[in-house]
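> Quick paste from TrEMBL:
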- 27-41: compositional bias 'Basic and acidic residues' (COMPBIAS)
- 718-727: compositional bias 'Basic residues' (COMPBIAS)
- 129-157: domain 'DEAD-box RNA helicase Q' (DOMAIN)
- 160-367: domain 'Helicase ATP-binding' (DOMAIN)
- 402-587: domain 'Helicase C-terminal' (DOMAIN)
- 1-50: region 'Disordered' (REGION)
- 686-727: region 'Disordered' (REGION)
- 129-157: motif 'Q motif' (MOTIF)
Amino acid sequence: MTSFEFKWTKTKKSYTSKDSGTKKTKILKEKEPRDKNDPKEVKKKSSKLQNKTEVTFSKIKTTDNQSFIRRKRKKEKTKVLQNERNVQSELVKGHSMQHSMFSEKYKNIHVNTKIRGASVVEKVFSAGKKFNDLPLHKYLISNLEKNNFNILTNVQEKSIPSVLQGKNCLIKSQTGSGKTLTYAVPILNSLVNKTPKLQRTDGIQAIIVVPTRELALQTHELFGKINTFQWIIVGHLCGGENRKTEKDKLRRGLHILIGTPGRLLDHILHTSAFNGKNISCLVLDEADRLLDMGFKKDVVRLVEELDRFKTNSSYDPLALLKGKKPEEVETDLANVDINRQTLLVSATLSKGVAELADFTMKDHVYIDAFDESETINPDHMVIPNTVKQEFILTFIKHRLVTLSVLLISKAKCSNSKTIVFMATTQMVDFHYDLFSHYLLKMPKNKGKLKVGDVLLLDEIDIEDFEGEDQVLDIELFKLHGNMSQQERKTVFSDFRKTKKGILICTDVAARGIDVPEADCIIQYTGPQSDEDYLHRVGRTGRAGKSGSAIIFLTHEEQDYITRLQEQKVFLKEYDKSILTNNLKDFMEETDENKATVLLQKRFESALLKDKELHKKACFAYSSWSRFYSAFPVKMKPIFDLKKINIGHYVTSFGLQDSPTIVAKIVRGQAKKVDPKHLNKKLANHEDNVELRTKRPKRPIKSLSLTTSEYSSGFEPAKKKKKKNFND
Ligand SMILES: Nc1ncnc2c1ncn2[C@@H]1O[C@H](COP(=O)(O)OP(=O)(O)OP(=O)(O)O)[C@@H](O)[C@H]1O
């Protein structure tokens, strides 16, 4: 290989080939005078300047003058910062020319938001009927009263008598109306009254199936409150818990068992200590949710397995072989008395629930808490009338800032619990990190910085973020199905205990979760179905309390307002002056547009500096776009990916990159991950080098960025290795 030695002079460049020893000289052409204002020349000049700096540095290095280098670098850094600031001020000027964030002028609303009508209202409480009016055990009544359960709710008044009589029931009533007690009270009552007293060896008496782990825990807690009868043992089993501990629990004996379908089925099939012969009551709570997400198969199997416990004694599958006629065998089957009460409970009634009711119960009564005198239209949604429902119509690229301001306003309230629903686990992770580091907190001892003076944050190095100070007085929580069971448990109970907090979560918290103090629900991404809308909103306004529910819609999605109107749900527009004032106040900026841009820029520069967060933002955007493109057919005309500017959506994740670049980043990261661990990886966003080196790379066929919220928590079954007969 030939190598050269270069020598530079002002007008000529000469080099000597070491191999041939020949010296070649190239005379530089006489340069023509250049136009200083030509943009190309300006660019060239600046790149030359940069090269010059590099050369200077290399020279300095050779002289080994370290302190000089440090001073030089510091100067350079200040220059860059100055540049950034100049760019920012230019941006502010530029943006203020564009549409305003909250301005009415640029609002492009084509739906009639003023339409009002009579919403469908369901009474929450009965006309004064009390628990002590019911034929219940006196200690059970006193336990209920101790917990402030005195007056029956409407659904309790209508259903508890039928449940006490042992009837199969399909119970429907609005969210937060106290459906849990409609089965908890009769179950406990029947077990307390049993003579002789129940023993641990008597096995499971009642089984309650719920769709999520949090709901299992919550239902267990409710039983704990009203069950002071020490001989009645209540337990829960759900994914993510230690299986061995659960087996021990079952071995020791339980009477009321609460669990998620996957884990329950697993124990029924594989735990010999599972004693289901004496189950006299089966409850399917949140029945419609149990049918979603592939739960249907598990629920059907679970019911079949429970039936098998009962029928094993009377039904003989080998009857034909024993010489019985086929007609006799069929009548045997039909006559098998399952002798078990089944209760289906739900806030929404779908075709699937009706089918499940037919499958699980021979005869059943249908109890709807809705007033019979009114005509029931299945298309009308029943939402507690104590909930103020509003929408915020935003430009896509202002979504992030608008949400931030809304959270800032919540932080100012003295006692407020807000639940923010997002589409995917990656979105939850990203927004949680972004807000906890760049909205709620500020660097410590930044001296002259006043609380809330966030503009100067851009001047601070990321290293300075050690030891941050909380400037907004509110706690932030996150909850999604990709967190460990222990984390989920802690978050859920901490959020319930805290006086003031914001929970960012996926739909894992949309069903059944009861946080009585939750006073505001924010739907940052649209619901996948109208039922989802109803259940999300139903996390507030529990048992007659008041609350507010705000949905974020972009101009492209505004038809959702009309869709809700058709179902007798009338939304008002959120008072944007609250947002404007809070934003201006927080940013200490009188011009709302400047404040908007600066907050957005602050997030963007945070992402530029924080590589980990940038990666999370890319994954969050990517998971969002997959989610958005997979809206069910019914909702597709409203939430249509083709209608929206995805470039703006990238901005709403604080990213400055184009969607193509983001996709490349995600693909690049995903390729490094072993496919088996992809979901977990995408949720944790860790680039685990160990995993990569240990396992051979395989091509990725498909990527799943949204992971199931409702998994049983078990590891996927390992495929059996094919035997190699040559071994
Ligand atoms: N009779 C009652 N008096 C006062 N509060 C009650 C009564 N019954 C239930 N509650 C309270 O109402 C709240 C909602 O109860 P629950 O969670 O059972 O509602 P739900 O109808 O199952 O709601 P969802 O459909 O959202 O699951 C709880 O905080 C509960 O303590």
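Including glycine, each Cβ sits where the backbone N, Cα and C put it.
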> For the domain 'DEAD-box RNA helicase Q' (129-157), give me same-chain residues lying six or more residues beyond its boundaries with a C-beta closer than 8 angstroms to one of its C-beta atoms, as numbers and ranges.
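Distant contacts of the domain 'DEAD-box RNA helicase Q' (129-157): 122-123, 164, 171, 173, 177-179, 181-182, 185, 188-189, 192-193, 225-229, 367, 369, 543.
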> If you average per-residue pLDDT over the domain 'Helicase ATP-binding' (160-367), what number do you get?
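A mean pLDDT of 85 is what the predicted model shows over the domain 'Helicase ATP-binding' (160-367).
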> Could you give me three numbers for the motif 'Q motif' (129-157), the DSSP helix, strand and coil residue counts?
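Split by secondary structure, the motif 'Q motif' (129-157) comes out as 16 helix, 5 strand, 8 coil.
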